[in-house]
Amino acid sequence: MMDQARSAFSSLFGGEPLSYTRFSLARQVDGDNSHVEMKLAADEEENVDSNTRSNHIGVAKPKRLNGYVCYGIIAVITFFLIGFMIGYLAYCKRVESKTDCKTLVPTEPSETEETETFEAENFPQTPRLFWADLKILLSKGLDTTDFTRTIKMLNEDYAPREAGSQKDESLGFFIENQFREFKLSKVWHDEHFVKIQVKGSNAENSVTLVNTDSNSLVYPVESPEGYVAYSKATTVTGKLIFANFGTKKDFEDLKMPVNGSLVIVRAGKITFAEKVANAQSLDAIGVLIYMDRANFPIINADVPVFGHAHLGTGDPYTPGFPSFNHTQFPPSQSSGLPNIPVQTISRAGAEKLFGNMEQDCPLTWRTDFPCKLVSSPSKNVKLTVNNVLKEIKILNIFGVIKGFEEPDRYVIVGAQRDAWGPGAAKSSVGTSLLLNLAQILSDMVIKGQFKPSRSIVFASWSAGDFGAIGATEWLEGYLSSLHLKAFTYINLDKAVLGTSNFKVSASPLLYSLIEKMMQDVKNPVTGQSLYRDSNWINKVEKLSFDDAAFPFLAYSGIPAVSFCFCEDTDYPYLGTTMDTYDVLSKRVPQLNRMARAAAEVAGHLVIKLTIDFELNLNYEMYNDKILSFVREMNQFRVDIREMGLSLQWLYSARGDFFRATSRLTSDYRNVETRDKFVMREINDRIMKVEYHFLSPYVSPRESPFRHIFWGSGSHTLSALVEHLKLRQKNSSAFNQTLLKNQLALATWTIQGAANALSGDIWDIDNEF
């Protein structure tokens, strides 16, 4: 047996003797290392004989072929195993921390594993759906929704629902319960204690004609049922002057001083508050507002009208800070409150006043009845306003669908809940859209069809009729953090007022997304795409003070959008007692289909903003806005040079912003969309672009709407341009020191936005 083993072992190495080389610790004298040949003891005798024969016979060289083959096989196997292990370990490192690397040796599945495998095969997980599939699912959900049922219910069960009333609160709790039934991730509400102005119960508001010489009563014109909130409560008397719509241009075209006089203007074009502010700036003592037949074709001539005169949003008696019950600020009031009385009158009352006026109006001002400019010399108008302040509690209702990956980033969808009067078009449509969208999107999430990366917040606001009070107070309460989390606001108020046109007002950051949406959504009446004009961006109107989206954009720096289906003329019943479901359904016979289209518009925006890894906000659109401003400023180069100033730094700021957007676009293209950390860092830079256009050089309390493009005040770019125009028109009213400040601060605000967009301070490369 030993012989066989030795033979096999020896043959494995080609029959060669086994040897090794030993290196001694001490060198030999001749410098050679000792060489020892190791032999098997049993072979010694054979080797002796072999050595004896070697003296006579030449030694044959042993064959080494078998040894080479063996070494090669061992090397190949070794390299294969090493490569396999390296690949396996590299794979294990890529697996998420929660996943353990499985053993390479297959084992028999346990009984539990077999059961789980069986269940997985029979009940596969719903795959994550993307835009094309979600668009179809949303459409199917909208097709089975009856929007008019909700609108009608709100009109029958919760009207009228003035802010703070029992019906307003009851509707709020109804919406809160609905959100819970829809199984939203979380539902809650917050309370605010605000001051609104209502008609006095002890004395009526009135408009009368009196004799010029004795102020004796000629005859009463009207004791209106409607009123204008936040008017000054007082009595004034003076001649009456017609100023068309009360715009700044109308007062310029009037070419007649209005100081010491009352002004009568038509409703429309601009808000009540702006009309009053324009008249007050020219020292008028009071304002009357009416709806003419040409723009508001209401058959009933004595329909009362409601509005507000606060040139701002939120509670005007807590400007810049939230009106929570526990806040203890000293008494203060907004600078946007008027110091003159304001009152709405019916068309019938306006006709009586025009019957006692003279001098023809400009041709472009002609209305449906004889248009006269000024009251007759023998008669004056007396206006009495007895409105009183009232403190009320309002509720804002919220529900959220939490995002799967970035729940701390959210889009907000909101609608006004209250209304002076029935409010079918003003608030019922928006509330219906809000409720049904929440239900449809929540169902899609529950079924595993829709997995939004970011959260969706649904909000029902109160006191919207008094200047977006509910929305603004909420923004003021969370001013320090909202711009870091909320990246878009979608307003649903007054979304359906007609069928012919689709109008949109929005931040430039949303233009590209809106255009894609318009290409996908069709007008249900015409069957045509909402995208009908490639030049639509140039026709976008600024958000007005009366729009709840305005404070999100101009106060908080959150991109916002407001849209509506409408006609060429204004919807005539807003703010009146005729804003009912019956009137709306007659005015818009395809009401349910139009409401479905409005919900589809909002739904498309919500889904696109929450499913993609990249944030769908086109920051490059502001390059065009800044360039337009620079071009406008270039028209005043001579004036600026005469003042010893230069536009060089403005050019540099504009260039830095352009380079910052280009660099960010390059970063976007180079990063892998699956690299969530880098994508989030880039998205955070994008979502703050709007915020960085809020001027840091003015106080949110003194000038709450700090946005240099869309805000209000001397810090805005439009105010800077208007001030330069004043130098050419009326140099005595021009303030050079103010202009220097305006130019410097506007330049630095743009530069600050460029720096913020660039990212870290070591990435900033500008000429300042």
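Cβ atoms are placed via backbone N, Cα and C, with glycine included.
Annotation comment: Swiss-Prot describes Asn259, Asn325, Asn730, Asn735 as N-linked glycosylation site. Among the features that Swiss-Prot reports, phosphothreonine is placed at Thr21. The feature topological domain 'Cytoplasmic' is assigned by Swiss-Prot to 1-68. Taken from Swiss-Prot, the feature topological domain 'Extracellular' covers 90-768. The transmembrane segment annotation in Swiss-Prot covers 69-89 and is backed by sequence analysis.
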As a whole number of Å, the Cα atom of Asn730 (N-linked glycosylation site) is distant from the Cα atom of Asn259 (N-linked glycosylation site) by 19
Which chain-mates of Asn259 (N-linked glycosylation site) that are at least 6 residues away have a CB under 8 A from its CB, listed by sequence? Leu282, Asp283, Ala284
Least Cβ-crowded entry, counting other Cβ within 10 Å, from the glycosylation sites listed as Asn730, Asn735: Asn730
Could you check what DSSP calls Asn735 (N-linked glycosylation site) once collapsed to helix, strand or coil? coil
Integer average pLDDT (0 to 100) for the topological domain 'Extracellular' (90-768): 90
Using DSSP, would you call Asn259 (N-linked glycosylation site) helix, strand or coil? coil
